[in-house]
Protein chains: 2
Amino acid sequence: MTTESVPLAIYLFTRLRHLGVDSVFGLPGDYNLKLLDHIEPSGLRWVGNCNELNAGYAADGYARIKGLGSLVTTFGVGELSALNAIAGAYAERAPVVHIVGTPPRATQDARALVHHTFNDGEFKHFDRIQAHVTVAQAVLNDSRSAPLQIDYVLQQCLIHCRPVRIAIPDDMPGPLVSAVQLGTPVSIPVSVAQTAVEPEALDTLLGCIYGSSRPMLLVDGESRAFGILDEIHAFVRKTKWPTFVTGFGRGLLTEELPNVHGVYTPKYKAFVESCDLVMCFGPHYSSSNTYLGETRPPGATVIDITATEIRTQGITFRDLPAKPFLQSLIRELDVSRISKHAPPLPGPNPLPMIQPADLVSQKNGFWPRLSRFFQEGDIILAETGTPGYGANDFMLPRHASLFRPVTWLSIGYMLPAALGASIAARDKLQELGSNSDTAKPRRTVILIGDGSFQLTAQEMSTIISQRLDVVIFLINNGGYTIERCIHGRDQFYNSISPWRYLKAPSMFGAPEDGGFAAHTWEIRTWADLENVLSDHRMLYGKGIRMAEVFMEKLDAPELLLGWLERQVKQDKRALA
Amino acid sequence: MTTESVPLAIYLFTRLRHLGVDSVFGLPGDYNLKLLDHIEPSGLRWVGNCNELNAGYAADGYARIKGLGSLVTTFGVGELSALNAIAGAYAERAPVVHIVGTPPRATQDARALVHHTFNDGEFKHFDRIQAHVTVAQAVLNDSRSAPLQIDYVLQQCLIHCRPVRIAIPDDMPGPLVSAVQLGTPVSIPVSVAQTAVEPEALDTLLGCIYGSSRPMLLVDGESRAFGILDEIHAFVRKTKWPTFVTGFGRGLLTEELPNVHGVYTPKYKAFVESCDLVMCFGPHYSSSNTYLGETRPPGATVIDITATEIRTQGITFRDLPAKPFLQSLIRELDVSRISKHAPPLPGPNPLPMIQPADLVSQKNGFWPRLSRFFQEGDIILAETGTPGYGANDFMLPRHASLFRPVTWLSIGYMLPAALGASIAARDKLQELGSNSDTAKPRRTVILIGDGSFQLTAQEMSTIISQRLDVVIFLINNGGYTIERCIHGRDQFYNSISPWRYLKAPSMFGAPEDGGFAAHTWEIRTWADLENVLSDHRMLYGKGIRMAEVFMEKLDAPELLLGWLERQVKQDKRALA
């Protein structure tokens, strides 16, 4: 960097660019327009969304693929609309930079009664609200401190892999700030060797490892946030131990290795409980990520590898960032001293027999049968609800990414997240560009129920106007089937307004002809499914393709059917 | 009430019923399903929305027509999505009861790691967030205190005419609570006569009133919240003084009285500044409600009548609720001692000449020309943006209600608010039912730009499935024209993805034939407008009717064109 000063907005956006952000999501608002003037001059692309919640979801989806995502909203109205998305990024560790344009300093200092306030002269309400869902915050109202404030919050975002908020008064994008620091990258601090703790932790772990006769590995989703995927792969390869992933961890680990057995579902419980050591990487033991706690491994056998802590049998070793610690562990590990075992494990359940004219159903294997449609490198998003549960039955192809419900479970997330993920993949491809022979465009596939689709449907229009290659399988089952399985299976409140879903691409502006023309299908029978999955336009087309899959309102994957059965039994008991 | 105990949910819902809530908005979520089981048994109607932000807006719209509105959401994901709507209700004083189903007490007490949390065992994050946008909060986890907690927060909602939040753990709807209090209505407390303050305040005000030679009245929008519309009408009639409304106050006052001159726009500024007394009822002096402060009346001449305070010339009399105080003032007022003046005031600006084949435009009077379409009793909603400014030029028919941008200005509000307002009007009609000859169904008319429409468009499907009579004029001008007027008139960020808007009713499930079949029109010329406004289906049809009005992207009402001109001049200076 040769210039000594740059406008504040350029400083911020340059930082984002250096951290891998190429596209920024959001909506204009009259407190952020001057800020947005600096987007293109910084070399960023603007992706305007339909609303701020969707922009937040898109930035989250982008972050999970590209390592960092960002959105710009306006004071109050805009930023509060995005709050649920930011909270989800917090819960599931997506590093999102939420930039908010706020009223000019003169307005705030004067406590003026202006729009987007409570008409009370108070401008800090939203700072306080946003602090609940972010790991760091900055209000940039002094050009001297702004660069360090920016660097600090961005580093916090990277360290914790969680959202941060930066508020910029409307008169601040322009003032010049020192650009000296731009020469020094913002990054996660280099680890200091904890000479007092690390040897003891290594000794303890190696003791557990060498002493185990039936060890296994479990890869959970926070591993992505800790940046330890390479180390995990090395460990899985080196030990050859039986390895599972959680729902959250799925897609992070190559499932082609012979010792990797896919998702730890309850059917593997007996095996897991027979192990005397479970090394869990990036644990995230929420009920929704552990089959309501059923697949949480028994505490006495577990070693948890978290961001900076190793926990085992009541002992916690702190200040040990996961990445360098795992590197040490792998280096120290003497494979000649570890147990080997490759127990016979149950394979996938056999699929029920079906006839082409039968109606498709989840209980007869819709989700596993859909898997064959997936291609190498696909980004697959299975929305909270029946698709999310169905996703545990997928066969995942190589280099696929899978988004599925983890803990936040905000229905409506997946469609805008698909927009973000798809843009991230395209940005990555452009970055690789001519440097790579193997880089190929990635397809994005969304599996979503009708109820969830209704929350954020309009973002389909951004997918269309951005000319992204997105396939949507929409399950039309008349409402919130997952809620029906939990409670109130015939209740009015689990129904939704009926839409003509296949008209959506056209309504949202899809081209009617040319390479990006939208294609739509109805699927009612297995034969329909077969036809659609082998349709050349579906397999290799461009732009948006959408299939509406009709299902019974009480059709669901096996696990949910179990809940439903329990509900029916309870009701019968209540009536008896 | 004869039963001595009722389930807690029934207690709450019965209270809502008694306070005039007939329909409740919201979405199911697995922490509120058991709560929702009590909706219909309480005699409430459930109106399921497409998403929670929309549910919040709908409850706000309902509250502004019916006096109280309510929505039910689920913990975390649902309630945070509604936050922006609740904040808007706070800013503009709509009494909304936000009921949130939360995890069962056992889960919370155990600090269990469950879905819809940050996976941190902490269940109070959202209580804290919601406290920023509500005037009172209750967490109902004890059946002994729940009734009083409910009564307290509902009374706060009424008193302040602002939202409250009630959190109900998933195991609490069923437990029985004492029903004894249900016999005593929740209401705004009866005023205590402030014997020390009131006589002095009355003396001071009457002194100002009798001493004024050029007095006037200004009716602002918080008057609705203070329940003083009858008193204001009496005062306007008794004094016969020149009277204006603000944008926020529009629709609260009969504009047929000869001394009522409509909205106080800048063209009346000279007159207002020539007055030596401005009595302002329910003042709300935000920049967006005062033409950027231009029409805020000069402080030295103003008497502000607020919720419980009278403010004039640096003196504030407190603890004087507006309603009884105004009743005393009207009683004491000796009309023989007040000045009368009926100055000549400029009438509406003459409309430019137009030809039938000319393209419609805002600068040539689209909004005032549209007014003739309005019917007695219409509920008219003019979205933030050019329609909101245009609404100041409407002729309002009798008994019309007008929603226009005030201070929160959250684009996307009006469509779901129209749903809520329309349901409220229908509920009111059913209540009146056979008791009234004059009660007639009210039509709802939405005026909205394409940019705003995209934020919450899906709620059209609820309007359709509820079979409401709603007319939509959608301005298609390629994006956020109001932002273009403010800054960045040709900038990329003020553009939106193009939709085929008139396909929306069909996509969102409107019947294709029968009495509720949707009708759509395109309007490009004045002749088109004429045809649509005289079309029998548009005037008297049922269900949804939608006209897409094509306009230039830089076409706007006069005031905004002034801003645009300033922008062009600035840019020219910058280039020179």
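Cβ from N, Cα, C; glycine included.
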Annotated companion of B:Asn477, B:Gly479 at the Mg(2+) site, TrEMBL, chosen from B:Asp450, B:Asp513, B:Asp528: B:Asp450
Check: same-chain CB within 8 A of Mg(2+) site center, minus B:Asp450, B:Asn477, B:Gly479: B:Gly449, B:Gly451, B:Ile475, B:Asn476, B:Gly478, B:Tyr480, B:Thr481, B:Ile496, B:Lys553
Confidence summary for the domain 'Thiamine pyrophosphate enzyme N-terminal TPP-binding' (B:11-117), mean pLDDT rounded: 98
Residue distribution over DSSP helix, strand and coil in the domain 'Thiamine pyrophosphate enzyme N-terminal TPP-binding' (B:11-117): 49 helix, 21 strand, 37 coil
The domain 'Thiamine pyrophosphate enzyme TPP-binding' (B:402-484), counted residue by residue under DSSP: helix, strand, coil: 42 helix, 15 strand, 26 coil
Count of other CB atoms lying within 10 Å of the CB belonging to B:Gly479 (Mg(2+) binding site): 23
